[in-house]
Amino acid sequence: MTQAVMLQGTASDVGKSVLAAGLCRIFYQDGLRTAPFKSQNMALNSGITQDGKEMGRAQIFQAEAAGITPDVRMNPVLLKPTSDRQAQVVLMGKVATNMDAVSYHDYKSRLREQILAAYNSLAQEYDVIVLEGAGSPAEINLRDRDIVNMGMAEMAQCPVILVADIDRGGVFAAIYGTLALLHKQERDRVKGVIINKFRGDVALLYSGIEQIESLTGVPVLGVMPWLDVDLEDEDGVALQNGKYRGNDPRDITIAIVQLPHISNFTDFNALAAQPDVRIRYIRRPDALTDVDLVILPGSKNTLSDLAWLRESGMADAVLQTHRQGVPVMGICGGYQMLGDTIVDEVESGLGTQPGLGLLNTITRFAPDKTTTQVSATMSGELPGWLATAAGVPVRGYEIHMGETVLQEGCCTAMTLQKNGYPVADGAVTADGLAFGTYLHGLFDSDAFTRAVVNGLRARKGLAPWETAFCYAEHKARQFDLLAEAMRQHIDIDKIYTIMQQHQEPV
């Protein structure tokens, strides 16, 4: 019989995703076949499975922590906001529709059967399922059709552990208020609390912990300190909170433009992990100074973000930086923005719009989304600072709804292998100062990343960094450090007991 436990939070960004990954790692270390599960994920950070299905990055890195291949059943519903009111609905890895919040609230009840089928299918194959909720279970305005918090816990018949973030203040009020707003049968599912992101002397919390346990009848299973581990974040909250401000001095500084609808900023985790690279996310033109490379990242609303670039002055700042000889790179939506022309009769209906003009390309949006993992080889001859990356193999994935055609003056950046056939991707100018690609995740390819960074080092007269760095090994070390810290600060034996006492047949 399958065991399961669900982490829910007092709010968004309390650390559910990371702690769920930690539990996946612990159970994996203990010899249990473990899978993550989040019924509905709202995020612009997504990835592609081996069979070309799209799912949330959080469940991908949780699967990696569990030592298994990501599977779309681990995240059957993915919501990708396209504006403040609209979102693309991805169901079992494929685009289903676009909806506003009110329409989706009515639509949710139709998803329960598919969600439960995905969960039960995983439960047939694994010893333990680690479920993750979304936001807070105390969203009383959404309770009647909940499919991701207590509604999911009820479907899975699993116990719940509540995660609370002490770093933002008011942790005991958050715990008490959340439990108070739950129905009795929902409160009965909550078997423990984890206080997360603590800084300081934990002894100062003891009296508060005793009182909250007395008031609620729910034990505190542990207090997790603020950890210096390098793990992925699920959404843009980490950017808003300044996690990636990058103030440490390094040889190479790379500026990533923080678009309003930025997607897949996890593309840059491997780059940020390089020992000689500092990453800065910027939103203001005056911040675009003293950088060695500018990157326009992916976007879920390319033309809206392109308009923001112009209105905010960031477009002029990027172009001025380029004129000063600083390379500019674009990934996916950022690649489209670097071109001469974007034709959109699909996503926004805005028709033909001018791009930034750094690449002589034309992009036409299409109704069908490309979602695939690919291997590729960088072009054999690349100009300027990119020459060190010539011929280097890379891997990544595509998530886009457009096709880009190169015009005179642009060369292909790389060749993809798709279904056994070579396919050209990306564009680079003759001087190498503008470069774009549709390929997400290419910085996870160690040889490519080191070649690119060493190319930037050479532009500054710095010797190449010869020490090998393996990002996959780095991630594995981070998972192990997280698991070690959780074993030290959380009563893992109690969590095992909770799961065993609430073991349900599948």
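Every residue, even glycine, has its Cβ placed from backbone N, Cα and C.
Going by TrEMBL, these are the annotated features:
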{"type": "DOMAIN", "residues": "5-228", "note": "domain 'CobQ/CobB/MinD/ParA nucleotide binding'"}
{"type": "DOMAIN", "residues": "253-447", "note": "domain 'CobB/CobQ-like glutamine amidotransferase'"}
{"type": "ACT_SITE", "residues": "Cys332", "note": "active site, nucleophile"}
{"type": "ACT_SITE", "residues": "His440", "note": "active site"}
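If you take the Cα of Cys332 (active site, nucleophile) and the Cα of His440 (active site), they are about 7 angstrom apart, rounded to a whole number. In the three-state DSSP scheme, His440 (active site) is classed as strand.
The residue listed as 'active site, nucleophile' carries neither a helix nor a strand DSSP state and counts as coil. All protein chains shown were included, and the count of other CB atoms within 10 Å of the CB of Cys332 (active site, nucleophile) stands at 25. Counting only residues at least six positions away in the same chain, the Cβ atoms of Gly47, Asn264, Asp267, Gly298, Ile331, Cys332, Gly396, Tyr397, Glu398, Ile399 sit under 8 Å from the Cβ of His440 (active site).
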